[in-house]
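See below for the structure under consideration.
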Amino acid sequence: MSGTILENLSGRKLSILVSSLLLCQVACFLIGGLYAPVPAGHQIVMGIKCRDVAGRQNDTSFFLYSRGNGACDSVQDIDIEQDPLKMANQLVYVFQMPLPRDNRTLDYSRWQQNLIGVLQMDIAYDSSSELREPPKELQLTIDTRLAYRNKNDEDADWKPYAHSIEKRFLDCRAAHVGLQEILYTCDIIPLFELGALHHSFYLLNLRFPMDTPKRLNLQFGHMHDIILTAIHQNGGFTQVWLLLKSVLFPFIIGIMVWFWRRVHILQRSPALLEYMLLYLGGALSFLNLPLEYLTLSFEMPYMLLLSDVRQGIFYAMLLSFWLVFAGEHMLIQDSPNKSTIRSRYWKHLSAVVVGCISLFVFDICERGMQLRNPFYSIWTTPLGAKVAMSFIVLAGVSAGIYFLFLCYMVWKVFKDIGDKRTSLPSMSQARRLHYEGLIYRFKFLMLATLLCAGLTVAGFIMGQMAEGHWKWNEDIEIQLTSAFLTGVYGMWNIYIFALLILYAPSHKQWPTMRHSDETTQSNENIVASAASEEIEFSNLPSDSNPSEISSLTSFTRKVAFD
């Protein structure tokens with residue numbers, strides 16, 4: 001058997017390959033750090049109070065807007081204060097997005113991909129009211145209506161996008177105590193999430209119906225101010241991200257085809273590690289596929305869910321591969337038989353599968369429902385928020401435990417190698433140099449694997465926390481920089497690209513020789529090669545199991561010869 005390219009590649013060629021890949025890794029970090037803006041931006045929109053039109057409250061195709069021809073007349077705070085009922089059932093809170101800047105009308109770009117809206121409310125109670133302290137987890141009923149229009153539409157040509165009667169729970173605390181009223185500020189609450197930002201302008205109308213028989217909105221005094229924070233992906237970051245995908249996608253596809261052709265040339269069935277490498281490359285290619293270009297022409301509200309599914313498949317495959325990769329290099333194995341997923345790794349991989357399925361179910365409950373109702377959120381109820389928070393914490397803890405377990409497996413591999421290195425002095429010089437070179441290369445690759453795993457787990461945990469930052473009420477400042485995101489994404493591609501090259505079968509063939517002659521010839525080859533620092537590790541004849549792809553995995557089955 002000729003072994004893998006990792007074993008047969010000369011030291012000089014290997015150094016050139018590793019240096020080139022490291023330069024590509026640095027380039028990925030620099031692209032994100034120097035050319036890409038921050039991944040997400042936001043606008044803070046103050047709700048404009050408009051007087052509702054009598055008889056149109058139940059007309060879901062009717063919208064009030066605050067800018068342009070035919071804009072509504074805003075209601076002043078003093079008018080609300082002087083009204084005995086605080087203009088209950090007469091007010092509409094209007095949010096028109098995006099806001100103008102420097103007297104220029106801005107519009108959303110399809111490069112911005114998605115839009116998330118969260119609310120922060122200030123409510124007030126009269127000082128003379130018997131109910132001065134709002135109850136814990138105050139329930140609020142909101143009539144939410146979302147509309148859109150495009151650049152060439154008239155100012156009044158708003159088209160309905162979504163409508164829903166939503167319930168939200170407020171957690172408020174006193175902010176100001178005055179003679180007339182007590183002002184309470186409430187924690188942010190999620191309102192809507194759009195998986196596609198296909199239109200130029202969006203309009204949000206909020207009504208807070210008060211109904212005594214149905215006991216709607218009777219426990220809070222009156223709305224004082226409402227602030228909407230509209231969060232969107234930055235278009236410049238999307239362009240850099242898609243550029244990376246467009247460049248990396250054909251490279252990974254090409255190296256996969258090259259790898260599988262070399263495997264099929266061999267007179268044996270592919271080994272487990274070769275299958276896993278192919279599946280890993282396929283999952284990465286699915287992630288690299290720049291489907292986001294379609295959103296520039298078509299409205300695809302399911303793109304967020306599809307992106308989560310693609311990333312989930314890649315995570316599941318990557319985590320599974322690392323367990324198999326470390327396990328296949330365990331030099332002391334329980335069984336000499338050929339490894340299979342079912343025989344050796346079902347316990348390890350079942351935990352990964354269960355974790356990924358749990359996150360998938362959670363994602364379906366959130367973003368799957370948002371395909372029908374963008375105002376739906378699992379975070380809206382106290383129980384749902386606790387369940388969602390538990391999922392995020394559990395996912396983060398599981399990722400940390402996985403990384404520790406992977407470190408343990410790598411340590412065990414290194415320990416096995418250390419135990420077997422004691423037999424190297426009894427080997428011939430050729431065999432000893434052969435295995436010392438393999439061990440050095442393998443250790444370097446395993447350390448690179450640990451580094452990749454550590455950054456992946458860190459990125460996963462930070463991503464989960466950053467996504468939930470606007471949905472739970474903790475003062476956590478997390479900003480995933482563009483350099484970190486592009487760097488980790490490039491690292492995945494470079495790491496898998498390197499594995500497909502280094503673990504591809506080597507087709508160098510060496511003449512068969514008698515056992516007595518082969519030792520002498522091997523020693524001469526090693527000494528001559530060492531002098532020029534161009535050691536070729538395939539010069540050693542091998543009688544290993546043809547189902548093994550690496551000489552290192554059959555180290556314990558070798559018999560030293562002189």
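Keep in mind that glycine also has a Cβ here, set from the backbone N, Cα and C atoms.
Topology check against Swiss-Prot: T212 and F375 fall in the same compartment relative to the membrane. Cross-referencing N8, N58 with Swiss-Prot, the residue annotated as N-linked glycosylation site turns out to be N58. According to Swiss-Prot, of the candidate residues N103, N337, the site noted as N-linked glycosylation site is N103. Using DSSP to sort the residues of the topological domain 'Lumenal' (366-390) gives these counts of helix, strand and coil: 17 helix, 0 strand, 8 coil. In summary, the transmembrane segment (271-291) lies against the transmembrane segment (483-503): three or more C-beta pairs, each 6 or more positions apart in sequence, are under 8 Å. When secondary structure is read from DSSP and collapsed to three states, N58 (N-linked glycosylation site) falls in the coil class. Residue counts of the topological domain 'Lumenal' (292-311) by helix, strand and coil are 14 helix, 0 strand, 6 coil (DSSP-based). Counting in whole angstrom, N58 (N-linked glycosylation site) lies 34 from N103 (N-linked glycosylation site) by their C-alpha atoms. Counting C-beta pairs under 8 angstroms (sequence separation of 6 or more), the transmembrane segment (14-34) fails to reach the transmembrane segment (442-462), with fewer than 3 such pairs. Distant neighbours of the transmembrane segment (240-260): 28, 31-32, 35-36, 277-278, 281-282, 284-285, 288-290, 292-293, 482, 485-486, 489-490, 493, 496-497, 500-501, 504; these residues of the same chain sit at least 6 beyond its ends, with a Cβ under 8 Å from one of its Cβ atoms.
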